[in-house]
Each structure stands twice: as C-alpha cells, then as structure tokens.
Amino acid sequence: MNSPHQQQTADRRQVSLITGASRGIGRTLALTLARRGGTVVVNYKKNADLAQKTVAEVEEAGGQGFAVQADVETTEGVTALFDEVAQRCGRLDHFVSNAAASAFKNIVDLGPHHLDRSYAMNLRPFVLGAQQAVKLMDNGGRIVALSSYGSVRAYPTYAMLGGMKAAIESWVRYMAVEFAPYGINVNAVNGGLIDSDSLEFFYNVEGMPPMQGVLDRIPARRPGTVQEMADTIAFLLGDGAGYITGQTLVVDGGLSIVAPPFFADAGEALELPPRPTRDA
C-alpha cells in the first residue's frame, strides 16, 4: 500500500527547499535532486551570483529551480522564505535545514551574544522552518536536518556548534513523533570529516590535532565527499526511506566507531587556558 507521499511523488514534480543551497553540501544536494526531475528552491543569504549559478546548474541537470534570498538567522527571514515558496509553488515536499554558522571559542570565552547568535543561526531556523514546512506538506513529506560529529564527541572550541547540533538531533526525534500523523518523516544526517568548503572553518581551529593523523585512524582512511552526504540526504527524502523517521544517519567512514581525535593526539595544544576568576 502506497503512502500519501509515494502517491504524490508518482503524480507530480517534487518541490524541495534547501537552506544554504548555493555551495557545499546544499548545492550538491540541489543537483542530485535536479537529476531526479525535481523543483529545487535554492536559499541563500548573500551571494546572489553563486545562487543563480546553482539554479542554472539545476536546470541543466534536468530539474527546475529558483533562488530565494533570505537570512534564516532572523525570524523574518524564515517567514519570508516560506512565504515565497507558498506563493510560487503552493506546496512543499521536502525541507532540508542545511545552513549553519558558529564562532569557535573555549566555553569560558563565550559571551551572551555568541550563544544568542548560535541559537538563532543553527537551531531556531530548523524549528521555525519545520513549523512552516508542515503547513505546506498537505499530503505528507520529508524533513531532514544536517548535524555533525561534534554533537556526540567533544572537539576543542566546538562546544557551541556541537551543542546546537545535539539539540537538533533531539528535536528531530520529537518532531518525528508529532508529525507522523501528517505523513511527514523527520530525520537528521550526521557527517564526519566531509571534504567541503566548510571543513576549513569547522576543523582547523586552535587545539585540534593534524587532520591527516585523524584520517589515518578512520576505518575508511579518507574524508567523506559532499556527494556521499547528498546521496544520503536524498535517500531519506525518497520513497525507500518511508519507514525511517526520528533517526540520525551517520556518514563518517567509521569515525564515530573508533572515536578519534584522541586527547593524546593534540598534545600540549589541548591544554586548557588558565581558570578564569571573578576578578579577571
């Protein structure tokens, strides 16, 4: 027996909204879905030229697409993004919460503004976006959030983003239960060391051991690719994943099994700064 989502995908072109879709994993996913003949909404914050280039590539790959400028760090931006989708498409089949940003600091150096912005950039857009997506998924759909290895392992200076990713994975489980009666599946994809343009920012921070030393300890002996991440997300968006919900799929080449980097790998670089005092 086909689910509502399976029946609708057989009858019409699927509409997929991807935040942060002008580069990296988001762009690769957009092209992957385009090759399936879908309509892709390319959300971007600043670089209109890059977003329009992605739209052109989507159309060359056999799909349809359009770009929407919206800063999802603001509640107004999230609302404007989904208003545009509602006006132009009238419905939504897939919502992929991909955009992310963070500062990388020791916990004792974080100020209230860092915490507020991390919440506003990473967690709130996913929750508010999911609320809006449900209203447009009148016949079932799929929601996928991007997570990372830092949600389950402690990296130097990664607490702020890792904490947000852990929260996202928790929200995925709650949403899966609440949205199931609507025929909507909600999952997360947790990437390890993925060879993307973001890896430079997310990994190369003070206190991390050399990346090659970590790669040598991963069972797969290499970083993942953005295409491997996109293929996993696309699987969760497809009919073959109809009975998967509330889960976090790990794409890390075995990284989390052996759990590097080890503290000993970093040596003195992992030493904590002096304990702050109230007089400091």
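Cβ coordinates are placed from backbone N, Cα and C, and glycine is handled just like the others.
If you check Swiss-Prot, you get these features:
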- Ser22, Arg23, Gly24, Ile25, Asp71, Val72, Asn98, Lys165, Ile194, Asp195, Ser196: NADP(+) binding site (BINDING)
- Tyr158: active site, proton acceptor (ACT_SITE)
- Lys165: active site, proton acceptor (ACT_SITE)
Next item on the list: Using a 10 angstroms cut-off on Cβ to Cβ distances, just flag whichever of Ser22, Gly24, Asn98, Lys165, Ile194 is the loneliest among these recorded positions.
Entry: Gly24
Checklist line | NADP(+) site span - longest C-alpha distance across Ser22, Arg23, Gly24, Ile25, Asp71, Val72, Asn98, Lys165, Ile194, Asp195, Ser196, in Å | finding: 25
Check: Per DSSP, Asp71 (NADP(+) binding site) is which: helix, strand or coil?
Finding: coil
Next item on the list: Between the Cα atoms of Asn98 (NADP(+) binding site) and Lys165 (active site, proton acceptor), find the distance and write it as a whole number of Å.
Entry: 11
Item checked: Alpha-carbon spacing, Ser196 (NADP(+) binding site) to Lys165 (active site, proton acceptor), which is rounded to whole Å -> 18
Notebook entry, point to check: In terms of DSSP three-state secondary structure, what is the assignment for Ile194 (NADP(+) binding site)?
Noted result: strand
Margin query: So among Ser22, Gly24, Asp71, all listed as binding-site residues, which is physically nearest to Tyr158 (active site, proton acceptor)? Use the C-alpha atoms.
Written below: Gly24
Next item on the list: Provide, as an integer number of angstrom, the distance between the C-alpha atoms of Asp71 (NADP(+) binding site) and Lys165 (active site, proton acceptor).
Entry: 19
Next item on the list: Measure the Cβ-based neighbour count of Tyr158 (active site, proton acceptor), defined as the other Cβ atoms within 10 Å of its Cβ.
Entry: 23
Next item on the list: Taking the Cβ of Asp71 (NADP(+) binding site) as the centre, count every other Cβ atom within 10 Å, in any protein chain shown.
Entry: 18
Next item on the list: For Lys165 (active site, proton acceptor), identify the closest of the binding-site residues Ser22, Gly24, Ile194, judging by Cα separation.
Entry: Ile194
Check: Ser196 (NADP(+) binding site) has how many other Cβ neighbours within 10 Å of its own Cβ?
Finding: 21
